[in-house]
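Structure, as structure tokens:
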Amino acid sequence: MEKHIILLPGDGIGREIIDSAKQVLTAIASEYNHRFTFEEHAIGGSAIDEYGTPLPDKTVDACSKADAILLGAVGGPKWDANPSHLRPEKGLLGIRKQLGLFANLRPVKTISSLLYASPLKEEIVSQADMLIIRELTGGIYFGTPSERTTNGVVDTLQYSREEIERIVERGFEAARIRKKHLTSVDKANVLESSKLWREIVEEKSKDYPDVAVNHLLVDAAAMKLVTQPSFFDVIVTENLFGDILSDEASVLTGSLGMLPSASLRADGLGLYEPVHGSAPDIAGKGIANPLAMILSAALMLEHSFGLVDEAKEIERAVNDCLLQGFHTADIHIPGGVQVGTKQMTDAVLENVTTKSISDSICSSYV
């Protein structure tokens with residue numbers, strides 16, 4: 001298989017971790033007789049510095065022609081005082097919108113060898129294994145008007161029926177191939193948009209009689225995530241709620257440095273990135289955890305290229321590294337081997353080409 005991948009290092013630790021993912025993908029291509037080509041472009045703060053905009057036209061053009069996109073991270077205090085249209089985050093929001101990447105998938109699965117790192121008790125978090133599906137291109141982040149007024153401010157939450165239907169269908173499809181349980185999160189006791197959301201979920205449920213559906217208000221869902229995370233299989237929700245809940249859920253694993261994500265459109269084009277931010281405080285120090293970026297590459301192989309075995313090979317290699325005791329600073333414990341970005345990447349590369357030491361291959365993150 002031959003595929004062309006756009007690399008968007010972005011800001012902070014983005015370049016360090018995206019280089020790690022590129023090395024692992026190159027190793028996988030060699031092992032499985034694929035050919036991956038790479039092309040790098042700017043986004044976020046680095047694009048502002050070089051081109052005067054967080055999302056250059058050449059970046060959008062290249063991404064629109066690619067088979068998939070890997071993004072490191074965007075943002076940093078250097079650009080915090082910029083006007084809103086010149087903030088790094090506008091580059092990420094813009095590329096999602098322009099490419100029509102409407103579905104954000106964030107798998108959250110605790111890893112047995114890292115249970116110590118979770119802030120929750122082991123008996124609460126040990127069975128957590130969920131997929132959060134967040135609508136990405138509608139809602140209050142994109143509604144108009146959004147502006148300051150003479151005496152205040154206005155933001156607008158708006159959704160079309162089509163926007164809700166397509167993300168809800170994605171949720172049902174994901175639940176159907178997992179544990180057949182879909183939780184829809186809304187605020188239907190207050191918001192008109194949520195009332196329509198809930199109506200559409202009920203309508204679509206008739207097409208998926210094999211999937212059990214329940215509805216939770218967003219505040220109740222937030223509580224249940226930390227009191228009974230094993231309750232959830234697939235969560236589907238709108239943009240703002242999904243943004244907050246997915247960040248909350250990411251804490252269950254003990255480190256943002258372990259969590260990948262995918263932003264997809266209907267034809268399979270996807271942008272893949274770690275959940276964590278740009279971590280400017282450790283940029284250039286060689287200590288960033290590359291595993292979320294590497295696991296994001298695994299998601300890319302599975303969802304955009306259909307290379308399930310290759311994706312599982314990466315997941316197995318990451319799992320074996322952890323079982324061997326390799327940990328970056330964010331997940332380090334006494335008795336383990338604390339390593340930096342390069343050493344952890346090298347350990348993954350070593351495990352990609354060796355037989356698993358674990359009793360069973362780790363399950364897919366989705």
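Quick reminder: no glycine exception, Cβ is built from N, Cα and C everywhere.
A helical conformation is recorded for P88 (NAD(+) binding site) in the three-state DSSP classification. Positions annotated as NAD(+) binding site by Swiss-Prot: 76-89, 277-289.
Look at Swiss-Prot and you will find R96, R106, R134, D219 tagged as substrate binding site. Residue density at D219 (substrate binding site): 12 other Cβ atoms are found within 10 A of its Cβ, drawing on all protein chains shown.
If you take the C-beta of Y141 (site 'Important for catalysis') and look for same-chain residues 6 or more apart in sequence within under 8 angstroms, you find L93, N239, L240. What Swiss-Prot lists as site 'Important for catalysis' is Y141 (among others), and the listing cites sequence analysis.
Annotation source Swiss-Prot lists site 'Important for catalysis' at K187 (among others). Summarising the environment of K187 (site 'Important for catalysis'), the number of other Cβ atoms within 10 Å of its Cβ, over all protein chains shown, is 18.
Annotation for D247 (Mg(2+) binding site): spatial neighbours V275, criterion Cβ-Cβ under 8 Å with sequence separation of six or more. The annotation Mg(2+) binding site is assigned in Swiss-Prot to D219, D243, D247 on the grounds of sequence analysis.
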Remaining residues near the recorded Mg(2+) site, that is with C-beta within 8 Å of the centroid of the site residues D219, D243, D247:
V218, A222, L240, F241, G242, I244, L245, S246, E248
Run through R96, R106, R134, K187, D219, D243 for me and report the recorded positions whose CA is within 10 Å of the CA of G76 (NAD(+) binding site), in sequence order.
none
Among all protein chains shown, how many Cβ atoms are found within 10 Å of the Cβ of D80 (NAD(+) binding site), not counting that one?
10
I'd like to confirm something. Which of the recorded positions, D80, S84, K187, A283, I287, has a Cα closest to the Cα of R96 (substrate binding site)?
S84
Taking only the recorded positions R106, R134, K187, D219, D243, which one has a CA atom nearest to the CA atom of S84 (NAD(+) binding site)?
D243
Anything within 10 Å of R134 (substrate binding site)? Look among the recorded positions D80, P88, K187, A279, comparing CA atoms, and list what you find.
none
